[in-house]
Structures are given as structure tokens and as C-alpha cells.
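Over in TrEMBL, the protein carries these features:
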type	residues	note
TRANSMEM	20-49	transmembrane segment
DOMAIN	42-291	domain 'G-protein coupled receptors family 1 profile'
TRANSMEM	61-79	transmembrane segment
TRANSMEM	91-115	transmembrane segment
TRANSMEM	136-158	transmembrane segment
TRANSMEM	203-227	transmembrane segment
TRANSMEM	239-262	transmembrane segment
TRANSMEM	274-293	transmembrane segment
Amino acid sequence: MLPVRNWSVIAEIHLLGFQTLWPFSLLLFISFLLIYWLTISGNMIIILLVTRSRSLQSPMYLFLTQLSLSDSLMATSIIPNTLYVVMGSDATITFTGCLTQFYFFSASLALESLFLTGMSYDRYVAICNPLHYNIIMDYLFCMKFIVFSWGFSFSVILNHVLAVCNLEFCGPSVIDHYFCDLSPLLELSCSDTFIVEVEVTLLVIPMALFQFLLVIVSYSYIIFTILRIPSVVGRQKAFSTCSSHLTLVSMYYGTLLCTYLVPTRGQSLNASKVLSLLYTVVISCINPIVYSLRNKDIKEAFYKCNFLMR
């Protein structure tokens, strides 16, 4: 564990948020509040349905509950403080609170990637190797993957946070963003941040790249296998089992790639904030909606649950 020094002379950080949209602050507040309500309620409904419905007791939906938990964690780490930033003309957050927000946001981002990768592997085995599905995707394997994902994500991000804590911060204590991300935090440091940036790059980029390539390879095999099915009805049924997940993966990695591949120099700060909103707030809200509207098993379980509650 890295030794933590008396590292900061910054007590509070000013978050500028969406200054150019200040006339629409009330509308933004209502929008974020609605998104947060939809995110939490939608994900909790999915967790409840999977927990109570026997027809949803499969690895795919077990991973889905974990994805819902990570989405809820993501939204909770970002949106409540964003509501304060949107409505406050002088919104501040303590430095400790800023690091805490960065920790939980980054951990939930890592969890999201791992569970989307696990779900893509599940669909690959189900479609490309169905005879061995129950052997490969057994309960013990799924639980090991879930425990590993949570432990790995939080321990790796904790190491990054401790590395940031070992820097010295002397201002300016202003972040032109709506939440505490790594790059804005490092800009406040008066220490040499090169080693921290290299450590993050050497770990995060290969990990994210490996997961993205694994998802691409999995769905390449899935699509190739589906196209070889002679029956049109069979192809449609196979596509329906993975179309929702493919939609979410495309949106998630698409926004991440747009965020981190677009050069920061010459890029509008507002454009950067909008891109960040897509994968920190919007995707977490869309996930339960997509699975509810495009997943037949979820809809059937929901109707049965409503019928039993009457």
C-alpha cells in the first residue's frame, strides 16, 4: 500500500458544471432527477424480477443483476452531486468527497465493462456451443466471475486513488466539469503526475482493449454461427437472444471510444461534458429500458409478477 502523506492544501473544489446552460438550470435539474429515478427504479425492478422469477434463473440474468447493481452505483456516484452542481451558482465538494466520487465512479465503470464482457461470453457459449453450455456456464463459474469482478475492480481503482493521494495539490481548486474525473484531478496537482498517468495507462488501456476485443470476437462468432442456421425462424430466434446485449455494448463502447479517441486539444469543453454524460448517466438509464422493452423473458416475468400482486 502506498504511503499517504499530508498531501493537500486544497480543502474544497469548485465544480463549474454547465455554466453555459445556467438559464436552463431548472430544466437540467428536473431532467437529471428524472433520469436518476428511472435508473434506480428500473434496475431495482430487474433485480427483483430475476430474484423472484424461476424462468430467469440463468447465467445471463445473473450477470444482468450485477450489471444493474453497477449501473445503480454509477448513477448514485454521479447524479446526486450533479443535481447540486446544476442548481448551485457556487457548487463545491470537499477534496475527500471528490476522491470518493472518483473512486466509486471508476470502480463502477470497470464493473460495467467486466459484466458486459461476461454477458457477451455467455451469449457466445449459448449460441456457438449450446451442448456444453450448462457445463461451461455453471453456477460456480458464474459466482467466481462475479466475485472476481467486484474484488478486482475495487482493488485496482483503490490503488489508483492511493497513487493520487500521494501527490501534492496546491490549486487552483476549480474543475470545469460536473464530476471529479482523473484528468481534472491531476490538473490540480503541483507534483509530477507522469508516473501516475503511466501506471493508469499501462493497466486500464490494455484491460479495456482486451475486453473490447473479446466482445468483438465473441459477436463475430455469434453472427457467423447465426447466419449458418438454415431456418429463418431459427435465425430470428437466435438474434433475439443477443440483440439487446449487442445494442447496449455498441452504445457503451461507442461513447467510450468517442470520449477517449477524440483529441482533447481543440475540443470544446461542452462537447467533452456531453460525451461524458452519455456513458456516466444516459447508458445507466437506458440499460434497464432496453432489457425491459426488447427482452421477451423479462416482459413475461414482469406481467406474471403484476398478476400475482393483484
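Numbers here mean position along the shown chain, with the first residue as 1.
Every residue gets a Cβ built from N, Cα and C, even glycine.
Just so you know, TrEMBL annotations never went through curation; they're auto-generated.
Counting Cβ pairs under 8 Å that are 6 or more residues apart, the transmembrane segment (274-293) and the transmembrane segment (136-158) reach fewer than 3 and are not in contact. Listed as Cβ neighbours of the transmembrane segment (203-227) (distance under 8 Å, sequence separation of 6 or more from its ends, same chain) are residues 110, 113-114, 116-117, 120-121, 123-124, 127-128, 156, 235, 238-239, 242, 246, 249, 253, 256. Contact between the transmembrane segment (136-158) and the transmembrane segment (20-49) is not supported, since fewer than 3 Cβ pairs fall under 8 Å when only residues 6 or more apart in sequence are counted.
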